[in-house]
């Protein structure tokens, strides 16, 4: 593979040099009618290439994309995305056609005269107002959804979880029976108290520190994010959720899981994607892939940025309660 | 002025020149040199992305102590993407593009002997040169160059404990950028003053070619926004070296609590993007200006909607200064701000759409002379549309949540500002090469260069949208730790192959450029049969541009194919030819367009 690659580069350079020296002997600089005709045809050929690639990607890359939103809040994101994508897709196909078709159709020749056409208030009015109307609709839906996602005030009985980032790992802290997180600050980091929880705060004692997230299906989760060193970003693509973790402040995000991990594994989209992945993994002799929700770091944070992840497991309420009761409280851990 | 008889030594003519034409060539060649470095870097890190576990002797040769057995270190990967971005955005597409063409064209197209201040213009170039040298020097620092991303968000960029590149490498980055900003400001002020004060008789603002409008407005945005980046950089220098806490607070790293209290990285993000977003248009508007001129000339048609184009440029410029927050939807800033920035951001789509439609209408029923410059301009319109449309997805805060910082963003901005702006720059070079060097560039090589470039540009960036939609974050050294991204590996290989071919294809341009400089066909005075003033100057450069009096302007720049009977497309050309120089007086009874 590699040798082939070097040969390929070598050949490319060789051909380039040969072509360049040959071509430079022809001292022609300004396009004539033959050039216009040839380049016009190339424009059509290129358009064919572009359309083939665009359509190929749109159809065959569907399988690699993220499956449908695993949170209720993300449903509208998917909707809005579909609407936007259809819209820009249609505009893209029309505009690219016009650009390259006109390049071909109106390629220059001695017999042609260009039309003197400098202005049309009517046309300009149309293509100022049409995008404006479309945009008002998109903005409207987008802003409604944005407020929907970002407003955490009206959630009934949310589960409060702190997600804590540092180079290069994630931790999480559940708020415990009182559903209130104890205060945290880097000054309290000492020994086993790696998240810097203020143990003198009465809310801290029942908090539970874990290295993996378990979430109950159908309950609103209210995440609070802290970072200990540099910026990180908690990216949970399957839930359409992301928020930066900023040292010195607490940021927030919330969503309600819609499918358990097991249900998600049975999703047709997930099954199809897993089959594709496992074909590749099998060829390389690696263990088969099983779908899991993940939290990834999505803000450049240092050398091991590329390997900063935490598993998320969504389960039914009973299983969640059971799991949580098995986790020790901070008061038990930090004596 | 024509009686100038300076004794020009080699040094005053070629090195410390105050002549705008020489300075523009200096900007271009320096920008090209920096561009080659940045392209090579992108080829190196694309190798890493496509074949993360493969040893490459080329990596070994280039990266020295920053690789093990031909596999680059993760720190170095981040450093490469950081410096690639920095060089491309600032050194190539700001200084290389604006510096070259603003300097070359402003005096020539408005009818001036030179810039308002030739001395400051020279200072601007040499500051740029100095900053380039420092940036290149930073590549050779022992711990590696800056590696915190081109956006250099603190605390990562402030703490050498967090990443080795934030030591001396980052210091040099900041010093280099501070000098760069000084260069850019001096240049921009000069452009503004020149356009406002030195226009020749008859050159009303409403008769300026669109290139001039684009450069003029670009300079204004630069003056408004670059100082903010300077202050952001200075405060970062204070935090790094003098113990202040503008951006830092509550940090525990390498086993100790640092003393910083009360600052916020979000402040830096605001300051950075207050320049960072207008910067997109500082890069793009000159390219669009160049395109307007070239499309009109080569379509042998007036640019459609001249006044709407000016209005769009102004609207884009104004809006560009109030949309910076769309880079920060999930930074932790108040969600209400997110709503405001979504609104202003999507508004930019309107003037952008007007521009795109106007270009296409200019092509319609033209007599397209498909020179390499014209093809690059058409290519620009194509990539500008493709990249601009995905902006509707990213600018919508609700959608941005899930694709922020993924490869979707990388694909979007590379198409809309990277490829588009570099196409504009190539178009400009092919078009004005005769004005710069008195010779023509070879068209066949130009065609090769164009078609390979646009195929590779789409081959790289179109599939890249989809791996972004699969959730792949940018700036990952390798994706092999995530089985969920295993099915993206093949696509990354395809992208890398397109990137390598596209990078190598630039040899066509470099060779054409340097060989044509000495061996190209001798240029005639007005090879593209264009209307604008620069084509009324002699081919051989003279100090002061016009040997005699500065010509007077009688009309706008776009009287191509003007007819005797405006309503009859078959009637004869009003002036006998399909172009009318701006210096041609109106005929009796001729309506100004």
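Note: Cβ is positioned from N, Cα and C throughout, glycine not excepted.
Automatic, uncurated: that is what TrEMBL annotation is.
Residues or ranges marked as domain 'Cytochrome oxidase subunit II transmembrane region profile' by TrEMBL: A:58-153.
The domain 'Cytochrome oxidase subunit II copper A binding' feature in TrEMBL is assigned to A:156-326.
If you look up TrEMBL, you'll see A:6-21 (among others) marked as transmembrane segment.
Nonlocal intrachain contacts for the transmembrane segment (A:42-65), taken as residues 6+ away from its ends with a CB within less than 8 angstroms of a stretch CB, comprise 89, 92-93, 96-97, 100-101, 103-104, 269, 272-273, 276. Residues or ranges marked as transmembrane segment in TrEMBL: A:42-65 (among others).
Away from its own ends, the transmembrane segment (A:85-104) comes close to residues 39-41, 43-44, 46-47, 50-51, 54, 58, 134, 138 of its chain (Cβ-Cβ under 8 Å, at least six residues beyond either end). Look at TrEMBL and you will find A:85-104 (among others) tagged as transmembrane segment.
Taken from TrEMBL, the feature transmembrane segment applies to A:125-144 (among others). Below 8 angstroms of C-beta separation, residues 76, 80, 83-84, 87 of the same chain, each at least six residues beyond the ends of the transmembrane segment (A:125-144), sit close to that stretch.
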Same-chain residues at least 6 beyond the ends of the transmembrane segment (A:6-21) with CB under 8 Å of its CB atoms are none
Averaged over the domain 'Cytochrome oxidase subunit II copper A binding' (A:156-326), the pLDDT of the predicted model comes to 94
Three-state composition of the domain 'Cytochrome oxidase subunit II transmembrane region profile' (A:58-153), taking helix and strand from DSSP: 68 helix, 2 strand, 26 coil
